[in-house]
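Working notes for the structure below.
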Amino acid sequence: MRPSPHRAPGLLLVLLALAAQAPAEKTPALWPWPSSVKVSPKLLNIAAENFLIVHGPNSTAGPSCPLLQEAFRRYYNYIFGFHKRLHGPANFQDGAQLDQLQVSITLQSQCDFFPTLSSDESYSLLVQEPVAFLKANRVWGALRGLETFSQLVYQDSYGAFTINESSITDLPRFAHRGILIDTSRHYLPMKTIFKTLDAMAFNKFNVLHWHVVDDQSFPYQSTAFPELSNKGSYSLSHVYTPSDVHMVLEYARLRGIRVIPEFDTPGHTQSWGKGQKNLLTPCYSERKQIEKVGPINPTLNTTYTFFKTFFKEISSVFPDEYIHLGGDEVDFECWSSNPKIQNFMKKKGFGNDFTKLESFYIKKILDIIKSLKKGSIVWQEVFDDKVELQPDTVVEVWKGENYLEELREVTSSGYKAILSAPWYLDIISYGQDWRQYYIVDPLNFQGSEKKKQQLVIGGEACLWGEFVDATNLIPRLWPRASAVGERLWSPATVTDLDNAYSRLVTHRCRMVSRGIAAQPLFTGHCDREHKMEE
Ligand SMILES: *[C@@H]1O[C@H](CO)[C@@H](O)[C@H](O)[C@H]1NC(C)=O
Ligand SMILES: *[C@@H]1O[C@H](CO)[C@@H](O)[C@H](O)[C@H]1NC(C)=O
Ligand SMILES: *[C@@H]1O[C@H](CO)[C@@H](O)[C@H](O)[C@H]1NC(C)=O
């Protein structure tokens, strides 16, 4: 039998001394940090073969809630699965024990629903001998609380699982906490997307912004327009079939993650032109010859009949209430080279102002999305170019240094905003760039507190795919994106970089032990039990 610290006070002192030397190994490294945490020095043992995660007796989500059943199984495995195989079953039974985690949902359950922007993710967690209680209004909060509970459990130096008695209440600071993946520059296999969703759940992200298609390839297999991916994908094996998409949606839903598809137009659309005739604008050379194609052709009625059908499909395939419409970086040169477009401009009285043509186009697309009862998200150019937006259109701020000023303008015009400008994770440099993501405060601009709270709905870490595919996506994203995850979840007052560093080192090793190939933060090593499976 292994010695028990609770039976041997002398040994306890030794352990405390060890704890003081290596705090990261001895204290729970919660990430992101909850809004209120109270940890007591009382330690409880947890034995894998005795411990149960169960529905609380008063829960409105009983055993017929598959979403929670799945989550209980998953989190049991995160806590014990790997270690059990490494150490064999524990036979360490002395001292105070934790036998159960009872999970209760107090409002009517949402087991079959998809999460939304207004999903309640709050929870409270009370860990005490012999039963811990996790309470949430909705299943979404229960998912977040299970993650936190799993992060409280750690192995002591004898390999026994322990947890401090503690009390936590928690809720996110921002409702929209996203990761952008780009499946056009490089196709990402399903396995990579699933791993990304796993890691997102470990960091309490709740939006997968799926930049599905772009100039380079069109991997989305449309049922209405199959030629788009037949001709526009890199190859017929580089497509997402309807069943692939369905699997991503379900995998995400079970982790409380929304999937927002982006179909970026009118620019960034070269790949669309391969499978759909007359959609793109012919660009003319100086010698008045058609030499290539440019953005979507906004002057043809067929363009809009196409998009009506296309977005009707998208709005039924993707359950989320929002569709991202892109709208960034439109090439006006091609439009201005085309005599038919010039004529159209004249007829409409747009003069030489191509932002007016852009507005004309985007407004029609926004109307289509509205008629499908969906909300729209656009990149900031659409706002900058003074396109007439719907009152509920969300503007994603992505450009350069002046993003706080842009946030001020967007919100003072009454629009909702998402921030991604400081979080372009595709841009890499030597050293700990997570720190620069961490110190951002999205609300650090002039404006009424009320407006800020209402209108800045969150942010996104973006990993554009020019130099990223299945070989390097996970290590490039994690743990760098974790910094953004904590910024978007934790209270604004959680800003201590040293404290964050020591928690993040452990959190990164925890991700590694859960099969996420998160790259190191700096020199050092993970504990034995935190090594990568495989
Ligand atoms: C957990 O309990 C141990 C043992 O009493 C104590 O050393 C440690 O500081 C506690 N952790 C926290 C975060 O308070
Ligand atoms: C369940 O509800 C009963 C009656 O309202 C209450 O006495 C009990 O404390 C509740 N149990 C839990 C675990 O919340
Ligand atoms: C395009 O639609 C507009 C408005 O419905 C209509 O006035 C115009 O004649 C149509 N153009 C063509 C070429 O069909």
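Cβ atoms here come from the backbone N, Cα and C positions, even for glycine.
For 1-24, the entry in TrEMBL reads signal peptide.
The domain 'Beta-hexosaminidase eukaryotic type N-terminal' annotation in TrEMBL covers 30-152. According to DSSP, the secondary structure content of the domain 'Beta-hexosaminidase eukaryotic type N-terminal' (30-152) in residues is 36 helix, 33 strand, 54 coil.
For Cys65 (disulfide bond), the same-chain residues that are 6 or more apart in sequence and have a Cβ closer than 8 Å to its Cβ are His55, Ile105, Ser109, Cys111, Val139. What TrEMBL records for Cys65-Cys111 (among others) is disulfide bond.
Look at TrEMBL and you will find 174-491 tagged as domain 'Glycoside hydrolase family 20 catalytic'. Per-residue pLDDT, averaged over the domain 'Glycoside hydrolase family 20 catalytic' (174-491), rounds to 97.
According to TrEMBL, the feature disulfide bond maps to Cys283-Cys334 (among others). Using a 10 Å radius centred on the Cβ of Cys283 (disulfide bond) and all shown protein chains, the other Cβ atoms total 20.
Neighbours of Glu329 (active site, proton donor), defined as other CB atoms within 10 A of its CB across all chains, total 11. Annotated active site, proton donor per TrEMBL: Glu329, in sequence order.
The Cβ of Cys509 (disulfide bond) has 25 neighbouring Cβ atoms from other residues within 10 Å, across all protein chains displayed. Annotation note: Cys509 (disulfide bond) sits in a helical segment as assigned by DSSP. According to TrEMBL, the feature disulfide bond maps to Cys509-Cys526 (among others).
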Secondary structure of Cys334 (disulfide bond) (DSSP, helix/strand/coil):
helix
Can you tell which of Cys111, Cys334, Cys526 has the most other C-beta atoms within 10 Å, given these are the disulfide-bonded residues?
Cys334
Tell me which of the recorded positions Cys283, Glu329, Cys334 ends up closest to Cys526 (disulfide bond) in space, Cα to Cα.
Glu329
